[in-house]
Every structure is written in C-alpha cells, then in structure tokens.
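Below is one structure, written out as structure tokens, with a few remarks after it.
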Amino acid sequence: MEKYLTEKEKALEDDDSSPMTSQSSIESGDENEERGNWSGRLDFFLSCVGYAVGLGNIWRFPYLCYKSGGGAFLIPYVIFLVLCGMPLFFMEVSYGQFASLSPITVWRMSPLFKGVGYGMVIISGIVCVYYNIIITWTLYFLYMSFRAILPWSSCDNSWNSENCYLHSDNETTDENSNSFMWNLTSVGNVTHDLLKYVNTTEMLKNETVKQITPSEEFWENRVLKMTDGIENFGGIRWELLICLVIAWVLVFLCLCKGVKSSGRVVYVTATFPYLVLLILLIRGVTLPGASEGLKFYLIPQWEKLATFQVWGDAAVQIFYSVGMAWGGLITMASYNKFHNNVYRDAMIVPLINCGTSIFAGLVIFSILGFMAQETGDSIEDVVTQGPGLVFVAYPEAVAKLPISPLWAVLFFLMLLTIGLDSQMYRLPSTQSATYILPGRNRPVVSRRRQNPGCHRYLTIFGMFETMTSAFIDEFPEYLRNRKVLFTAGMCFVEFLLGLPCIFEGGIYWLQIMDWYCSTFSLMLLSLTECVVIGWIYGADRFYMDIELMIGYKPTIWWKICWKYITPVVIAFVWLFSVTQLKPVSYGDYQYPSWAIVLGWMLGLVSLVPIPVCMIIAIYKSNEGTILQRIQKLLKPDKSWGPAVEKYRLEYEASKESSSSTGPICISYRTDIVSISDVKKQPEGQNFVL
C-alpha cells in the first residue's frame, strides 16, 4: 500500500509541477480549457498572500497587540489561527479547486444552501463600495505628498482652526504646570468601528480648550470636510470624486483589458509592500524613542490573558484577516490545476499573514515611539488604530522625519499597494465562451483563436471579480459573451453606490456600512460552510475529494476541526461580536433610529438569500413531498465534480470504489484514464483506492 501511495504522490507531483515562466505554461497548456488555469504554482500562492494580507495587518493588529498585553496577545492569536483560520482557509480553497467553480455555482455540492454563495457575493459587493473609498483617500494623500512641504505639517493653512496645535521642540510638559496636553483622534478601524474618533480636552486656567494637531485638522477639515451629522449631507468633495473615478476606472481597465505579462508581475505586487515595510523599519528603529515604542509592543503583560476581551479580540482579528467567507479564496482556487497541492498552500499562507501582522507592528510602533518622544506624550496617548493611525498618527510622524515628502510617498504608495493587493489577484483569461444549451448536459464552447506569442492574465480586484465571475458562471448563456458590458455596468453601479460617501457628510454613511455589513453575517456564512461540509456533504467524502487532488489524505485533525472545533469557535466569535456590538456611533455623535435600522438591514441583506434560495429550490423541485425534496436538495447535484473530463472519471471511479468489494485502480498517466483490477495493471502506474 505504501508503495502505491509513493508512486501516486510522485505522479501527482510530476503532473502538478508548473514552470515559473509563462512561456513554459503555454507549452504545457491549460487543462481546463473553458476557464483557464494559473500559469505556475507561485501565481496562486502569491495571489492568496496578497488577498489575505490587507490593511488590517497594518492598522489594527499592532493596536490590538498593544492593548491586549503586547507579546502575550500572540498566544490567543496563534491558537485561533490554528483552530479557526487555517481550517476554514483549507476548506474553501479545497472545494473551490475541486469543482473549479465560483462561489454561487460551487454549491452544486448541496443545492439547498446555494444562498450561502449569494450571501458571499453580496458582502463582497458592499465591501467593494466602501473599500474603494479608502483607496480614494489613499490616492488623495499620495497626491498631496508630492510637494516640498507636507500640507499636514503646519497650522498656517486655510483649513486650520484657532485650536490647531503644533508641538515645538522647545516646549516641555510639567505635571504641575498649566501646559497643553493633546491627544490624537482615533478614527476607528476598517473591520468594526471604522473612522470613530474621540477628541480629548484639557483644562487651562479652568477653561476647556480642545487642541487639535495639524494632521487631524487636515484629515477632518481638508480631506473629509465633515458635517455635524448624517442628517446634514453637505456638498460633494470634488477632489475625492476625481480620486474615486480614477479608482473605478482602474478596476474596469484591469478587468477588461488585462495585462500581457510573463507571469511575474504578481511577484512585484505581492512583495513590494514588504520591501517598503523593511525600509520603514530600518528608518524607524534608528529614530530616537523607537525602543520605547517597541517595548510597549512586545513586552508581554501576562495578566491580560485572564480577560475575556483579549481572547475575543484575537478570534475576531483572525477571522477577518485570513479572508474566509468573502468568496475570494474560492474564486482564486477555482483556477488551480486539479492536482495542485492546495494542502501546502493552505498551511503556508495563513502563517505568512500572521507573520506580516507581527512585522508591521514592529514598523508602526518604532514610529509611534519616536512620535511619543517628539510630542512629550506617552505611548498610550499616541497609539491608535484604523485610519486614525494611517491618516492621522502616521502622517504626523512622517512630517517630523528628514525628507518627509519622500517617506510620505513611500508610505502611501505601500498603503495603496496593500489596499489593492488585498482586493486584487490575477486570474487567467480565456478566449472562449462557455454556455449550456437547453436540453444539453455538456457545455458548448465557442472559441476564438488566441495569440500564441503570449499568455494573457487579468489583474483583477478580488472582491469585485468574485462578484462578477459568480454571476457570469451562474448565468453563462446571458453574460459570458457580454462580460465587458456586464463588468462596466457593475463598476458604474458600485461607483454610484459610493457617491454618498464622498459628500461632506459621507463619513457617517461609510461608518454605517462598515459597522453592520459584515460584523455577524460573515461568521454565520462560515458556520454554514462548516455544517454543510462536515455533516451534510460529509467530512469523509470531502477527504476523498482532497485525496483525489493531492494524492493522500490530510491528517484527521482537519476533519475534527470542520465537524466540531471550528463551528464552536465561530459560534463563540459570533456571540462575542453580537454582545459587543453597540448601536452605530461616530465619536460623540449618536445616530438617529432610522440610521440604526438601515444599518441592521445592511447586515441582514447578505443572510436573506439563504432562506429565499431554499424556498425557491424546494418549490422548483416538484418531485415527492416537501421532506423528500429537501433530502434530494441536500445531496450533491448530478453535475457536481471536477470540471475536467478525465478527473471526473477518476471521481466517479472513487465513488464506485467506496462501495465495491474489490480494489479498483486508477491510472495517473496524463494521457489516459483507466479503471481496472489491480492484477491487470502494470505495477507502479496504479493506486489502490
């Protein structure tokens, strides 16, 4: 048996070995001619890294690590990574690669739960709206950085108020004096309390005076031009409108034109942020006060591990940072070759994500330590999270560095790359249109001649492509030949939905979307995935599917996680999030009741498709009683299985072998697929199932 396993793994390795150049990929060809495949193994791997490593690694993890006990926070963080993050990541990329289908169509494995796929698409669509607003702000800051004097470095600008406070190196603080004490505004975080801020006031001669830093006033009075509430919509911010147009035009051009490349562009987009972070780290640790910032970040405070809040924050951070239930992982994995070692990728990518968070924390806190020394404040006063760190605290620190415009450009260019990379991955384009005619079970392919001199790839915003590809795969006969027009229409709709967020009162609308849209629905979708895979489709059957792809069964640990541990952890995280969720607010501003109701509607809209699709599926299945219809819809559809014909034969053979009395063998030669008795096959070419 071990000999058969060895031979099979060797055959699979040979079949999966993809050259690192696109030209070699052209020679080998795509095994899935209808949808295409990645040119090499590193394309998928680095795309997953870019998708998983996002803004949360830069602006939320360092703050949580400090607040939750420094180095001690890594203990619950790693525990939840193993118990929840890695099992869900492995599960999604496995069934995405197995079926080569997008998030909606992939639910042929259990048609009753097709609404889960629609829920993923809806969440991705909503997040695309406000995520591109963050990209809009980044583009604006990047543009404003190309000048000799940074506009947020002084108080003598038209947008500054009389309360603007610029720290002077000659100023000192004394606890017995009536000096000004100031604090930066905290403007929330992108996953829970985006753009929430708290202004701190101090007493001077029995008078309450609000002191605001130049970077804070630039953010509020110049970039946002905030109104006093959601009721006051204000005027449109024309500069931000231009940046928003640029962002969506970039999305459309990437989706429709693609990039003729050698397959190595992804190496640059995935590694450039690490290069900039390394440069900033080298500069940061050489600044005065950097050691104090690193101490606050790394020195463990073990007593905080006894608090429930620390464990809850760690679980929530893992859940949102790895990228489960958004649909992007499923879509990317669907373009893998069938025998790609997805097990290996699923083990490495979450670990890289975790390491990136820790590495980014070193960069951020070295700068914050310098900033604390410059201002005379403590680390507790300058540490913040979310855009409050990226668009207020960090620009303030950058303004104090020598050649500050250079560091500002580098920082916001890195932020832009990370922001795009967390939405962006490169999918193989195809010059074919695939559709299924009524009454036909096999796909009909309309193929145009492809340029043999290059292999085309699409550089795509991940969440947006998840949304568009899901509908195109679900309705190919209507949309496959109209992909450009459909993509343009979706870009325009998303652009229109984002317009309210660039008005002067738009920050309040953005806060509602981020506060509610994925706080609890994302977890419920993941919980449903675990229940379907572990109990309805069957963990044992899923293990057979994985074995068919990678040549061996993973350790039993993942089966235990999918059936027991991970669902319990998700339920815990969901309960923690719901109990901690308060009505949406923005600093001291309390939203009216109608806005809170609107927020809950946004949160529930991604869950509505689950019962709706169940009802529709039961109604359309007109065979037998309701109970019989449900039982039928719980089972995989007849079309479920690998997309490539030869692998579908192997899949059918594996199902037959599980109930047969004698061993059945499958040849893993690339030119034939045969099923026979062991005794009739040449030794070394077969595997006993």
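Positions of Cβ are set from backbone N, Cα and C atoms, glycine also.
Note that the structure is a prediction, hence the values are computed from the model and not measured.
According to TrEMBL, the feature Na(+) binding site maps to G50, A52, V53, N57, S321, N353, D421, S422. Taken from TrEMBL, the feature compositional bias 'Basic and acidic residues' applies to 1-11. Residues or ranges marked as compositional bias 'Polar residues' in TrEMBL: 18-27. What TrEMBL records for C155-C164 is disulfide bond. The transmembrane segment feature in TrEMBL is assigned to 44-62, 74-95, 116-143, 236-256, 265-285, 314-335, 347-372, 401-420, 484-508, 520-539, 560-577, 597-619.
Between the transmembrane segment (560-577) and the transmembrane segment (347-372), the number of CB pairs under 8 angstroms, six or more residues apart, is fewer than three, so the stretches are not in contact.
On the backbone, the CA of G50 (Na(+) binding site) and the CA of C155 (disulfide bond) stand 38 Å apart. Neighbour density for S321 (Na(+) binding site): within 10 A of its CB lie 26 other CB atoms from the protein chains shown.
One residue stands out among the recorded positions A52, C155 for having the most other Cβ atoms within 10 Å of its Cβ: A52. In this chain, the transmembrane segment (236-256) touches the transmembrane segment (116-143); three or more CB pairs sit within less than 8 A of each other, excluding pairs fewer than 6 residues apart. On its own chain, C164 (disulfide bond) has C155, I212, T213, P214, E217 as residues at least 6 apart in sequence with a Cβ closer than 8 Å to its own Cβ. Ranked by Cβ pairs under 8 Å to the transmembrane segment (347-372), the stretches 44-62, 74-95, 236-256, 401-420, 484-508 are led by 44-62.
Long-range contacts of the transmembrane segment (484-508) within its own chain (CB-CB distance under 8 A, at least 6 residues past either end) are made by residues 125, 128-130, 132-133, 136, 195, 224-227, 229-237, 240-241, 244-245, 248, 251-252, 255-256, 464, 467-468, 471-472, 586, 589, 591, 595. Proximity of the transmembrane segment (520-539) to the transmembrane segment (236-256) is not established, fewer than 3 Cβ-Cβ distances being under 8 Å for residue pairs spaced 6 or more apart. Long-range contacts of the transmembrane segment (74-95) within the same chain, counting only residues at least 6 positions beyond its ends with a Cβ under 8 Å from a Cβ of the stretch, are 48, 65, 106, 109, 305, 310-311, 314-315, 317-319, 321-325, 329-330, 332-333, 336, 342-343, 345-347, 349-351, 353-354, 358, 526, 529-530, 533, 542, 545-546, 549, 554, 558, 561-562, 565-566, 569-570, 573.
Same-chain residues lying 6+ beyond the ends of the transmembrane segment (236-256) with a Cβ under 8 Å from its Cβ atoms: 132-133, 135-137, 139-140, 143, 223-225, 424, 458-461, 464-465, 468, 483-484, 487-488, 491, 494-495, 498-499, 502-504, 506.
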